[in-house]
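These come from Swiss-Prot:
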type     : residues                       : note
DOMAIN   : 8-66                           : domain 'TRAM'
BINDING  : Cys79, Cys85, Cys88, Cys166    : [4Fe-4S] cluster binding site
BINDING  : Gln290, Tyr319, Glu340, Asp388 : S-adenosyl-L-methionine binding site
ACT_SITE : Cys415                         : active site, nucleophile
Amino acid sequence: MSTKMTPPVEKNEFIDVVFEDLTHDGAGVAKVKGYPIFVKNGLPGEEAQIKIIKVKKNFAFGRLMKLHTESPYRKDAECPVYNQCGGCQLQHLTYEGQLQAKEKQVRDVMQRIGGLADVPVHPVLGMKNPWVYRNKAQVPIGEREGGLVAGFYRQGTHDIINMESCLIQAEENDTLIQEVKRICEKHGITAYNEERNKGTLRHVMARYGQVTGEIMLVFITRTAELPNKKAIIEEIAAKFPEVKSIVQNVNTKRTNVIFGDKTTVLYGSEYIYDFIGDIKFAISARSFYQVNPEQTKVLYDKTLEYAKLNGNETVIDAYCGIGSISLFLAQKAKKVYGVEIVPEAIEDANRNAALNNMTNAEFGVGEAEVVIPKWYKEGVIADTMVVDPPRKGCDEALLNTIIDMKPNRVVYVSCNPATLARDLKVLEEGGYKTQEVQPVDMFPHTTHVECVAWLKLV
């Protein structure tokens, strides 16, 4: 007969603990008789008093009440709303400490999920200046005391924190959004009210080309009509000559989804342009484009290095998106085939290939695990396979396709170390050997870490 385990802690109890680790979302982990307790802002090695605030069968949540000892990596957060906004999770940890924590996270999942304890995991490639790196701001608009507020949602809520600036956001976007808020307020624009499904302006988005200096402004509205549109556009265009595109997206639905189906250019071009390395990209309101282009170049350079191309290879890029990695590879490969399930992304990929006069990149729409075997039957034999899947990792059918096709080399670009480790294990069981894993810090002060790994057929 089984006995029901009783958690060793109770709600509202005060206890002393030592934090052993960080979770994937940046909380400190302490254990009482092997029972884990998750505490926001706790750092490994610290001794602290905590208050138990929620007890579950297999874990509990606590609140940090008092530190008895401090980690040498602890620091005061630089953002004044750090503890309210959910955008960053690690500002209380020095940047050196963040990079070490991310490296440990990658090593741990390689061993625990992938069974790959012997695979070299290199130190994380970080930024010289880990601030003001984001080129896209997507800001909800609300009303308070008769005026407009623009900022970010309080962690775990839809309560908008009004922010004048964000320390990880390009200053150009911050400045523009604050002025747009003022101009809209002056012209009587009302904010969307989610509960009542009333009001006009839902979100404002700004996209900034870090190399070109061009900016796109997007109004996301509940109604097709934007009152005083002409005056608003004229004022913005006069004040910000770097704004090359103003776009309106209409979302009439009662939903948390930001974008609606209809997008209209109000001023200037449908696109702004930017460069990653020598490759030029056209960016529309809905385009996927990496938000940290400086570190994207680091990631893509490492991908190119791991692909070891000499100009004679055929490369397949699965989950190719707007063709950003494909075009990087096409600089060195004989031929690159990219596949992506989103038709609009492939339109962007073809546009970007033409923009760069690249004739050796070809793109197809569809599921990678369907399109790639079709190409194989048509005689497309990949020497190198590159995959850059979403957070859920590669589809099992695609991994089986790679194993069946037997390209000599596989380069795996990942935004989730856990699914990377899982998929590397499958590829190893199918005849590949993982050579090395390079983590890259694309999002300083958050818990996210990107990786690029390469495998060879053995």
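Each Cβ is built from the backbone N, Cα and C atoms, and glycine gets one as well.
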Under 8 Å by Cβ from Cys88 ([4Fe-4S] cluster binding site), same chain, sequence gap 6 or more: Ala77, Cys79, Tyr82, Ile168, His445, Thr446
Using Cα positions only, nearest of the recorded positions to Gln290 (S-adenosyl-L-methionine binding site) (Cys85, Cys166, Cys415): Cys415
Cys79 ([4Fe-4S] cluster binding site) - helix vs strand vs coil (DSSP): coil
Residue among recorded positions Cys85, Cys166, Cys415 with Cα closest to the Cα of Glu340 (S-adenosyl-L-methionine binding site): Cys415
Nearest of the recorded positions (Tyr319, Asp388, Cys415) to Cys166 ([4Fe-4S] cluster binding site), judged by Cα-Cα distance: Cys415
Residues Gln290, Tyr319, Glu340, Asp388 binding S-adenosyl-L-methionine per the record - widest CA separation, whole Å: 16
Listed in sequence order, residues not in Cys79, Cys85, Cys88, Cys166 with Cβ within 8 Å of the centre of the [4Fe-4S] cluster site Cβ atoms: Val81, Tyr82, Gly87, Gln91, Phe152, Met163, Leu167, Ile168, His445
Rounded to the nearest Å - Cα separation of Cys85 ([4Fe-4S] cluster binding site) and Cys415 (active site, nucleophile): 22
Three-state composition of the domain 'TRAM' (8-66), taking helix and strand from DSSP: 0 helix, 35 strand, 24 coil
Alpha-carbon spacing, Cys415 (active site, nucleophile) to Asp388 (S-adenosyl-L-methionine binding site), which is rounded to whole Å: 8
Cβ-Cβ neighbours of the residue listed as 'active site, nucleophile' (radius 10 Å): 17
Rounded mean pLDDT for the residues that make up the domain 'TRAM' (8-66): 97
Among Glu340, Asp388, which are binding-site residues, the residue with the most C-beta atoms within 10 angstroms of its C-beta: Glu340
Other CB atoms, at most 10 A from the CB of Cys79 ([4Fe-4S] cluster binding site): 18
Tyr319 (S-adenosyl-L-methionine binding site): tally of other CB atoms within 10 A of its CB: 22
Cβ-based isolation winner (fewest other Cβ atoms within 10 Å) among the binding-site residues Cys85, Cys166: Cys85
